[in-house]
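Below is one structure, written out as structure tokens; the observations come after it.
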Amino acid sequence: MNKPIIALDFQTYEEVETFLANFSGESLSVKVGMELFYSNGPIIVEKIKQQNHAIFLDLKLHDIPNTVKSAMISLAKLGVDMVNVHAAGGKKMMEFAREGLEIGAGSGKRPKLIAVTQLTSTSEAAMQTEQIVKASLLESVLHYSDLTKQAGLDGVVCSALEAEEIRLQNGEDFLRVTPGIRLLSDAANDQIRVVTPEKARVIGSTNIVVGRSITRANDPVKAYNQVLKEWNV
């Protein structure tokens, strides 16, 4: 079964532990982002891995190629399952990121590597005025997606609204990891291009990241099972 990735948007391990206790004995796919990683350091990954959960380490690296390569060598040694970079860092940076993961993983399996195209909080108007990008939002996402594939990465982070176009351009096996997923009853909050788990499945996402709809729910297990059901119909 293709499990949704739960965004552990907490500051402390105690909060994470309390949340994960709801799923005792179950192996989940979770996302550790900047807030949690920077507050706790690499030990947070070790503690979560001890509970047999798959980890997407969402740090969105974006720096000069050699710096990113060195960072990826270290991150690969943590035993995470997936990491990411910003595609805006360029093809060479992404290639160096992949090489770093291969070195860090050694004889083991390297983590999946995906690239952020445009954040789901970014509107087309904001992209064009603030980033001075004259293309449409879709054109920008497809450009970054193509660059990502050329660099030998496994896929991209994208809105579900662009997932089908990316599939047609880059192939079925190219990962399309979609944040901004909400149950129909939830507010969109700070993300603009949001969809439901069911719609994400229908329009071509390969993986979904769900945060508040599960982590802030009165009954996280019930909410998770609802997302799981919609995502795997």
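Cβ coordinates come from backbone N, Cα and C, glycine included.
Look at Swiss-Prot and you will find ASP9, LYS31, 58-67, THR120, ARG182, GLN191, 211-212 tagged as substrate binding site, backed by sequence analysis. The feature active site, proton donor is assigned by Swiss-Prot to LYS60.
In three-state terms derived from DSSP, LYS60 (active site, proton donor) belongs to an extended strand segment. Cβ neighbours within 10 Å of LEU59 (substrate binding site), excluding its own Cβ and spanning all shown chains: 16. Under a cutoff of 8 A between CB atoms, and with a sequence separation of 6+ in the same chain, the neighbours of LYS60 (active site, proton donor) are MET34, ASN84, VAL85, HIS86, VAL116.
In the shown protein chains, 17 other C-beta atoms lie within 10 A of the C-beta of ASP9 (substrate binding site). Within the same chain, residues at least 6 positions away in sequence whose Cβ sits under 8 Å from that of HIS62 (substrate binding site) are VAL68, VAL85, HIS86, ALA88, GLY89, MET93.
Each of the binding-site residues PRO65, GLY211 was scored by other CB atoms within 10 A of its CB, and the lowest score goes to PRO65. Within 10 Å of the C-beta of THR120 (substrate binding site) there are 24 other C-beta atoms, taking all protein chains into account.
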